[in-house]
Amino acid sequence: MTDLTLKALAAERQVSVDRLVQQFADAGIRKSADDSVSAQEKQTLLAHLNREAVSGPDKLTLQRKTRSTLNIPGTGGKSKSVQIEVRKKRTFVKRDPQEAERLAAEEQAQREAEEQARREAEEQAKREAQQKAEREAAEQAKREAAEKAKREAAEKDKVSNQQTDDMTKTAQAEKARRENEAAELKRKAEEEARRKLEEEARRVAEEARRMAEENKWTATPEPVEDTSDYHVTTSQHARQAEDENDREVEGGRGRGRNAKAARPAKKGKHAESKADREEARAAVRGGKGGKRKGSSLQQGFQKPAQAVNRDVVIGETITVGELANKMAVKGSQVIKAMMKLGAMVTINQVIDQETAQLVAEEMGHKVILRRENELEEAVMSDRDTGAAAEPRAPVVTIMGHVDHGKTSLLDYIRSTKVASGEAGGITQHIGAYHVETDNGMITFLDTPGHAAFTSMRARGAQATDIVVLVVAADDGVMPQTIEAIQHAKAAGVPVVVAVNKIDKPEADPDRVKNELSQYGILPEEWGGESQFVHVSAKAGTGIDELLDAILLQAEVLELKAVRKGMASGAVIESFLDKGRGPVATVLVREGTLHKGDIVLCGFEYGRVRAMRNELGQEVLEAGPSIPVEILGLSGVPAAGDEVTVVRDEKKAREVALYRQGKFREVKLARQQKSKLENMFANMTEGEVHEVNIVLKADVQGSVEAISDSLLKLSTDEVKVKIIGSGVGGITETDATLAAASNAILVGFNVRADASARKVIEFESLDLRYYSVIYNLIDEVKAAMSGMLSPELKQQIIGLAEVRDVFKSPKFGAIAGCMVTEGTIKRHNPIRVLRDNVVIYEGELESLRRFKDDVNEVRNGMECGIGVKNYNDVRVGDMIEVFEIIEIQRTIA
């Protein structure tokens, strides 16, 4: 082998020359860039690198590269594109467990030693401060008592001298008597002075004792758990007690300086060192300078004797940092408290109200929960709904399995042809109609029966009073029939069963009754509560009996609603019309909806600019149980949202914006954060193929149903990802999104506009139009099946029995065989079986018949077989020849 130069070896290994030189030096080989490297030196370097890899710590390096395009505007209105590449690299190192335990033990020992030293220093300072405070208090009491006694004695002497002068001016006859009175007065005055002196001394001693107790209480820190917030040390308390007398002597003279001293002192040892420097300078100056000792800067903050409990006001959501500010503690303490509760958070993470309440109460604070929807409640309560309730028409939902004749039954009742207008003859929207009969008005909701429209059927059951369950007499109970029964039971509404297609020869209504009885739907003649009516939507049989049964059930329910006042209702369906804007189909429940009313509908609001009934006719008002289409909303509301008429458009806008913000905050608060464990789990899963789809449909319910159906198709190998979805035609924005994400554009009953078609043609995007949900789901299944890896299957094509063994100088042992089954083909994989046990698996190398090489030998013929790299062939062995075929898998 030709020796490589070190520079060529570095290029081959994709490392720098300097690093390779260093690696050779570490391995004990001195090389330069131009030296040649022999094979022995390569082996030495490889052994050295393997030793380092084994002895070094386990490392995992993750590299990520992201490319994007930035458009920069230039001169002349032109813009240029700049390619931006962001590279990220992270390395995770696994520590040695023994080293980690040793470091943890050293840190624990150091913390315990520091804690012990701190406790001893605090106790020593506390004892010294207490003794000094008691001495100062006793000396002060003695000085005050002595000074007061001297003053009172001087006053008594002065009074005695005045009395003596007066005696000399009076008559000599009264002198003796007055001397006796003066002596008596002097004795009483001395007793009174002594009594007052004793009382004063007792009072001063009591005051000194009380001051000593206060100083002792102040200097002793309470065993509060978190004391690091206040940064007040015991030495500062001792200095404060030492200078207390000096501050009292200074009085008003030092007030100005004390005001400056009340500023917050610096924390930690810097504050102590500054105070020590001030005292040292005062001691060096001496004389008058010493008097300024009492005005040195002191910490003006008094440490609370116990933890301060606050009233913490918490809204719907709050960040960890805001919660810490409300409790006047550090954010790290809140994070520590949440870690004890089992939640790992950051200081900027949003948490919900329940979590914040739990943390605040755990830290000893009182929680006040703030209702952020006060404006919404005020707007909802300010409605005119005080009128009396009147009887209203029932709302009836037609439910059942697909193709059981729900829409055809409703067609006959309405005497129109609605089913022919639906694509594929199946209902894909909720239709709302009201019908005038001889006995009164009935409002019908026609729901889809296809399996994809589960949420639509659930909404129909929630908005209804009576459910008409349509079951085909020739088909019986089907999966969507069972689901409709469950929706009706969940909504708590009565069920009227319409057994349809009774005119068919194979109709069996008794079978329908037996099957429905298994799910709790019993006919009245069997002692149940459900009415069974035999109808035929084609011939019109039993339609009048069905309407009578519906009205009878409505009379039993005694349905009433307020007809006068501000209306409220529910959105049955919504879509975006190109000419009219957002359109919502609303079923009025209470009150009367007028043209021009201000409505609040979920995240949207607006003024009703126009109303149309199900026939497309303009109407000015709609009462209870009447379905109408309204125009004028700010956006397309979600199907199922509550519609409420309010007084003030400005307040309606504020409530709608608040709901949007609240929805976003709650979504962010509950969003799961990706953890390191999940990252490693995703790495082990391997590559998962994704089918990206941008979905646009004509109504909100179809978007919801198609999205749910497509997401349910996902498997472990291929996943469906809805990149974007919405109501309305395919726009240029949708096409750009599909191009950026390599997605399929799917339009359900909508088309692409001119600008979108240009982008689609330029980017060669895959655009597909559908009008039936069956076809859409089937084609997405086919696209997903193409991404599945094929299944490999082994198929046995021939079996030969070894009758004799020959030796060949070229191929070794040659088995003389008789083909007993199938065909033996050359160069196919084989298995050698001995006593029906596989002992070798390899390849058929040589196949001969009468010394001629052949490609295959059929059943019943003799041949010679040479097995590649195998010579242990014995008489009686079986040689099994098979081939591997690929089977294309499909999504079930």
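Cβ atoms are placed via backbone N, Cα and C, with glycine included.
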Range annotated as region 'G2' in Swiss-Prot, from 420-424, 425-429, 640-644, 790-794: 425-429
Candidate ranges 400-407, 504-511 [criterion: Swiss-Prot lists as region 'G1']: 400-407
Region 'G4' according to Swiss-Prot, located in which of 12-15, 316-319, 500-503: 500-503
DSSP-derived class (H/G/I helix, E/B strand, else coil) of Ile502 (GTP binding site): coil
Intrachain C-beta neighbours of Ile502 (GTP binding site), sequence separation six or more, cut-off 8 angstroms: Ala473, Pro509, His534, Val535, Ser536, Thr541, Gly542
